[in-house]
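J.: In case it's useful when we look at the structure, here is the feature table from TrEMBL:
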type     : residues      : note
ACT_SITE : 114           : active site, proton donor
ACT_SITE : 186           : active site, proton acceptor
BINDING  : 258, 259, 282 : divalent metal cation binding site
DOMAIN   : 91-273        : domain 'Malic enzyme N-terminal'
DOMAIN   : 283-538       : domain 'Malic enzyme NAD-binding'
């Protein structure tokens, strides 16, 4: 075999560098393994015993020093996408440092790990793709082999999986395999926001093709250049993956559906939610965080959830999910039948008000909210006719909550609830500044993506961000902590109620209905504890017996990045 020196002289190298270069170099292998690498955080003793001498400069830095240096570098990056790539590259090199950065600077880093920047990252994922695997790509060509492919992932104790087929990424539509940015980002938040061990998390993208012509025409697109697989073949592929995951990781592995299209999202959720531990974050997670905002708004409006009249602009999976959970909450709070509770909720889609006269043309998820009212074709007419107390935007139609709409809501309500929840920021139905200005500061506002505080009439108003990160990490932590075998609508209602109870008075004083993101780990702990209590009460927990102090047990398993 040619020696390293000979290779250097001739300009050639052994083909199998994993065998020839790394054999006998324990230190080099350690530094190339993200969850083992500490960079300059290795002590002198570790450098001696792990074969690291000479591979590092002589200085040592604590983890906290490295976090500070990393944040300085992050802040020097010029664009939001550059910051996203920088953080993802850090995860590829030193995952402990990556999670330490996210945990200690969650509020500052969150926009560059998830919304709004993850939208642009997905659009450009093929261009910024790095070669270190951050998850599994399962192709439709792999049908019949998915169980064996799961064995290629280096970690065996997987407790939480986020998976997508990339068809409905945020408000951006079909991104195909480039949608992998979503599962990667979501699971990073499981760890940063709730302390779920990253070694127990697995991002997965199901590559079933794409109908995005720009992707199909892109010579550098990294997925299959085929139209989307549909029908029985599609269902069988998704089913094979779910069954393979449960077979390998056990019945309590939590499976989170993420950014599936409307034509599949509800059907897949309804088919699997009674069979495995799963939930759909776009339908149920979004619903829970929105419901929490409604429950929290009572402190500002004096109106309980059961006394509201809701109008939704947008009737897709997010809107239908929120509407159904609100109806469920009213049902729990009042004991009224669900059918009656739904009569307080109205929806507007691209063809106008969802109502009984349109039953013949409505998608199945809209039928429950098709009431016996006259049809109107536009939002302003709906607001004038129905006089809602809460207006919820899930339409991705930027600026659709215009001045006339907000003024009409304000004329009918002393403190109108205005939730502009569409992501990313560019798709928001209105900005907080607009909502406050046009309501003379009375609006109780929340958005899906982050906005800065607004100075209005000498007062600082803080727009609440209805970020799913308040909900899904805590739900995931609960599932991991108690070995949940199912996730139900009751769990999501309980999670929403627990979240609403964490809002401190100073946030209400600033007209905000969500707690500070800086407090997210403690918030997630409260959410997880409430959900876990319900899992034991309903017989859906497999970690037995139930710990005497459930909150203390959950806190004890929360991952803390440290060297």
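Cβ atoms are placed via backbone N, Cα and C, with glycine included.
TrEMBL annotations: computationally assigned, not manually curated.
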J.: Quick check: with 258, 259, 282 left out, which same-chain residues have Cβ atoms within 8 Å of the centroid of the divalent metal cation site Cβ atoms?
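T.: Other same-chain residues with Cβ inside the cutoff are 164, 168, 169, 182, 257, 260, 265, 280, 281.
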J.: Just to verify a number: CA distance, residue 114 (active site, proton donor) to residue 186 (active site, proton acceptor), in angstrom, no decimals.
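T.: About 7 Å separates the two Cα atoms.
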J.: Between the binding-site residues 258, 259, 282, which lies closest to residue 186 (active site, proton acceptor), Cα to Cα?
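T.: Result for residue 186 (active site, proton acceptor): the nearest of the binding-site residues is 258.
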J.: CB neighbours of residue 258 (divalent metal cation binding site) within 10 A?
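T.: Looking across every protein chain shown, the total is 28.
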